[in-house]
Amino acid sequence: MSNVIVMDHPLIQHKVAILRNKETGSKEFREIVEEISMLMCYEATRNLTLEDIEVETPVAKTTAKAIAGKKLGIVPILRAGLGMVDGMLNLVPAAKVGHVGLYRDPDTLNPVEYYCKLPIDAIERDIFVLDPMLATGGSAASAIQFIKDKGVTKIHLMCLIAAPEGVKKVQEEHPDVDIYIAALDERLNEHGYIVPGLGDAGDRLYGTK
Ligand code: URA
C-alpha cells in the first residue's frame, strides 16, 4: 500500500488556511500555492541519496555532499497543477517538466488524455505528479497510469488538499505511488468538490470564475 504523508508543518497549515479563505484573491492564491509547493518539495526530497564529492574552498580541499542517484521530473496535471510547478523548480531548478492534460468523456465519464509530453529521459527520473486537489482521484490515477505506460517506474503524487475518496482510489490503483498532501479533508460533496476544501483550484489560481 502506498504511503500517505501529510505534511502538516505549521507554515504549511498556516498557508493552507489562507488558500481556504474565499476572500483570498488570485494573486495571493498563486503566491501561496507556490510557497506551499516549495515547502512540500523540501520535505518530499528529504530522502534523496547523497554522494561524497571533492571541493576546494578558498581555504582547503574537503569532501562535501552532492545529490546523487536519479534526477527529478515534475509533471503537473493541467491546468491547476501548473500552479505548483514554480515552487518545485525554485528548489530543484534542474528538474525537467512534463505536462499531462485530461478531460472527462461526457458519455463514459472516463478520463481521456488529450495532451502528454514528458521529459525525453523521463524513465530515468523520479517523477512528481502535481495536482492541487485530489478529489475523486480519477484524474490523478489516470495521469499516473499514462505516465507508467510511457515506462516510468518511480512516481510520487503531490497534492495540496485530498479527500479520503481520492486517496483510496490512488492507493488501490497505484499502491507503489507515495502520496504527499498538505491537508486531508472530510469528504466530497455531491458536485465532486472537496469539503471544506478551497473551491475550484484552477479558477482561483487564474481568476476564471
Ligand atoms: N477540483 C478542485 O479544484 N476543487 C475541488 O474541490 C475538487 C476538484
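Note that Cβ sites are derived from N, Cα and C of the backbone, with glycine treated the same way.
Annotation comment: TrEMBL describes 6-208 as domain 'Phosphoribosyltransferase'.
The 5-phospho-alpha-D-ribose 1-diphosphate binding site annotation in TrEMBL covers R79, R104, D131, P132, M133, L134, A135, T136, G137, G138, S139, D200. Other Cβ atoms within 10 Å of the Cβ of M133 (5-phospho-alpha-D-ribose 1-diphosphate binding site), summed over all protein chains shown, number 26.
A coil conformation is recorded for D200 (uracil binding site) in the three-state DSSP classification, outside any helix or strand. Cβ neighbour count for D200 (uracil binding site) (all protein chains, 10 Å cutoff from its Cβ): 14. The annotation uracil binding site is assigned in TrEMBL to I194, G199, D200, A201.
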Listed binding-site residues among I194, G199, D200, A201 whose Cα sits within 10 Å of R79 (5-phospho-alpha-D-ribose 1-diphosphate binding site): A201
Top Cα neighbour of I194 (uracil binding site) in the set of binding-site residues D131, M133, S139: M133
Fewest Cβ neighbours within 10 Å, where candidates are the binding-site residues G137, G199: G199
Spatial neighbours of S139 (5-phospho-alpha-D-ribose 1-diphosphate binding site), counting only the binding-site residues G199, D200, A201 and Cα distances within 10 Å: none
Filtered binding-site residues, from R79, D131, G137, S139, I194, whose Cβ is under 6 Å from an atom of ligand 1: I194
